[in-house]
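What follows is a set of notes on a single structure, which appears directly below.
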Amino acid sequence: MEATIPISVNGEARQVPAAATLADLLAQIGLDIRKVAVERNLEIVPRSRYAETPLAAGDRLEIVHFIGGG
Amino acid sequence: MDGLPIAAQDDSWEVAGRRFRSRLIVGTGRYKDLEETGRAIEASGAEIVTVAVRRVNLGDPKAPMLQDYVDPRRYTYLPNTAGCFTAEDAVRTLRLAREAGGWNLVKLEVLGPPPFLYPDMRATFEALEALLKDGFEVMVYCSDDPIAAKRLEEMGAVAVMPLGAPIGSGLGIQNPVMIRSIIENAKVPVLVDAGVGTASDAAIAMELGCDAVLMNSAIAHAKDPVQMARAMKAAVEAGRLSFLAGRMPRQYAADPSSPLAGLIR
């Protein structure tokens, strides 16, 4: 069985494969990456670097998008 | 724009080097659904729309998104910091917005507690300073305080946006004297942001000489939001034309419109 690591995504605990990148996670969730932005441990991850951003145990991710607002 | 005088057709305004013809900026929140949001915004004629930044729903990643109904290639998205009560949260939110959207023109609002959600100017100054250092172009929601508005401008805000009344209250322009004073002293665009309840309120804001008006609830919470969006478009245009035309002087006695000479005897 593949080893997994614990991370937090939008405040929810998740397990991801130990070798997963941010791009893998977004694909697994099923998000259109052109419409979201990601913060990893309080640092913005540019969209161009998702594939080369490995996830580490304890990472705290925020994935956001635009919604209606005034 | 057919039928309007040439002067009105050419009457555009500029913020942070971007030029716009519509002087109505609309929010995209509080509508029944995204379809209604899209139709109301279309009817308003707005070129700039405010948007909020929130966590995606991980349980429903394919849910329709705002961009599917309000095309960011057609409208300038102005990300806001609604819900931020500290400078730190506001800066963090707008950094994410910049990454999501790829532009740096933003609306800063740091609010005090309910029931009035009045702008917290100390936190607003702090957030503005951090955002300017980080390369943002910032339109700032602020109190109707000429000193605070001037200070924002001197710090580098690209527009100041005093409230006409508390957010979502629909009470209309409660402070025309202070709004006018801010306009008279400003070198950057002044927008009334918050407080408009109905079309005449928008016209009053424009007659005071505002560069534009920003509203959300007045349209979204009308019984018929699409019809109200049309009303607001007309009111902003009427108020602007009225301001440019220059109103007649007030006088406290009658002055007949028909000549008194040549009356039959």
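Just so it is clear, glycine is given a Cβ too, placed from its N, Cα and C backbone atoms.
Residues or ranges marked as active site, schiff-base intermediate with DXP by TrEMBL: B:Lys107. Within its own chain, B:Lys107 (active site, schiff-base intermediate with DXP) has B:Thr50, B:Leu78, B:Pro79, B:Asn80, B:Thr81, B:Val138, B:Met139, B:Val140, B:Tyr141, B:Met161 as residues 6 or more apart in sequence whose C-beta sits under 8 angstroms from its own. Annotation note: B:Lys107 (active site, schiff-base intermediate with DXP) sits in a strand segment as assigned by DSSP.
Around the Cβ of B:Gly195 (1-deoxy-D-xylulose 5-phosphate binding site), 28 further Cβ atoms fall within 10 Å across all displayed protein chains. In this structure, B:Gly195 (1-deoxy-D-xylulose 5-phosphate binding site) belongs to neither helix nor strand by DSSP; it is coil. For B:Gly168, B:Ala194, B:Gly195, B:Asn216, B:Ser217, the entry in TrEMBL reads 1-deoxy-D-xylulose 5-phosphate binding site.
Residues or ranges marked as domain 'Thiazole synthase ThiG' in TrEMBL: B:15-259.
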Mapped DSSP class for B:Ser217 (1-deoxy-D-xylulose 5-phosphate binding site), helix or strand or coil: helix
Least surrounded among the binding-site residues, given as B:Gly168, B:Ala194, B:Asn216, when other CB atoms within 10 Å are counted: B:Gly168
Span of the 1-deoxy-D-xylulose 5-phosphate site, taken as the largest CA to CA distance across B:Gly168, B:Ala194, B:Gly195, B:Asn216, B:Ser217 (Å, rounded to a whole number): 9
